[in-house]
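Among the features that TrEMBL reports, domain 'CO dehydrogenase/acetyl-CoA synthase delta subunit TIM barrel' is placed at 20-133. The transmembrane segment annotation in TrEMBL covers 176-196, 202-224, 231-251, 257-276, 297-315.
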Amino acid sequence: KDRVSTIAVRCGIRRDKYLVSPGLYGIGSPDPDSDVLVTANYKLTFDHLRSALRGISAWILVLDTRGVNVWCAAGKKIFSTQELVNRIKAVSLEKVVAHKRVIVPQLGATGVSARQVKAQSGFRVVYGPVRAWDIPEFLNKGKKADKSMRQVTFTLFERFVLTPVELHGALKISGIAALMLFVLSGIGPGIFSFHGAWERGLISLSALVTGLISGAVLTPVLLPVIPSKKFAFKGILMGGVCGLLLLPLIWDHIGSMAGAAALVIFSVMVSSHLAMNFTGATPFTSPSGVEKEMKQYIPVQVTGILVSAGLWIYSAF
């Protein structure tokens, strides 16, 4: 059941409802000397930790992060010093364990002050590794993390597993976009043609699908090899390549250079917007950087879509 739920969550289905109740949990056969590992109440995070601790007896202290993962919750200050202190007191942790030590994931360090936790609860914070699967080795080494345990990675696999949820998010508005494409495709010399709406609508739909795949799948997967630090511009480049590759497949159904330009521009703008959305899933972007990029590129994307709509209507006459 957990595996099926994990797949569903990876695809963005009921993601905001996938959580566990805050509190203290035991894994294996923990005793007063067992380590206490702190995590978020996003169930995917909880399950990853639980899986990494297979064969180890430990306590898991789950904070109330409103179903948000550790890294994002720390950035939002809900995986926080105060929440950790409150949870320690709520579960009477000092009565459960004989030591005064909690292990906090490194990605939660921005939200948790070790000094304040010590002062308010008496428990010492030890920052664990970035990845849950390094915890057994971390514990075996006397709770010492080597350089590799401290490094944040964003590998091909780590990027690829994020694409289903990106696609799911994009599909929420794709239905509306598709409907608008069919309506615009029906505009022509006879004011409106249902036949034109269907035939030209299907052609324009191919540009939408191309933009979706380019921005939500190909750009994230090929992220390191696409030039530019701007995700929106990476999406423009990838969308341009994919749009040009689409043209030979649909050229016989377009009928004009204006129509071809409209579809390529539309595909590029969709790709750019979705690629820009991916910034929130990466470990090397900042909120201020994301905001700056959005202010710079959203006007470009809106203008591009309006231009493509105008060209698409013009190409019907």
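Positions of Cβ are set from backbone N, Cα and C atoms, glycine also.
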Positions on the same chain near the transmembrane segment (257-276), where near means CB under 8 A and six or more residues out: 166, 170, 177, 203-204, 206-208, 210-212, 214-216, 219-220, 231-236, 238-240, 242-244, 246-247, 250-251, 293-294, 297-298, 300-301, 304-305, 307-312, 314-316
DSSP-assigned states of the domain 'CO dehydrogenase/acetyl-CoA synthase delta subunit TIM barrel' (20-133) in counts, ordered helix, strand, coil: 43 helix, 23 strand, 48 coil
Taken over the domain 'CO dehydrogenase/acetyl-CoA synthase delta subunit TIM barrel' (20-133), the model's mean pLDDT: 95
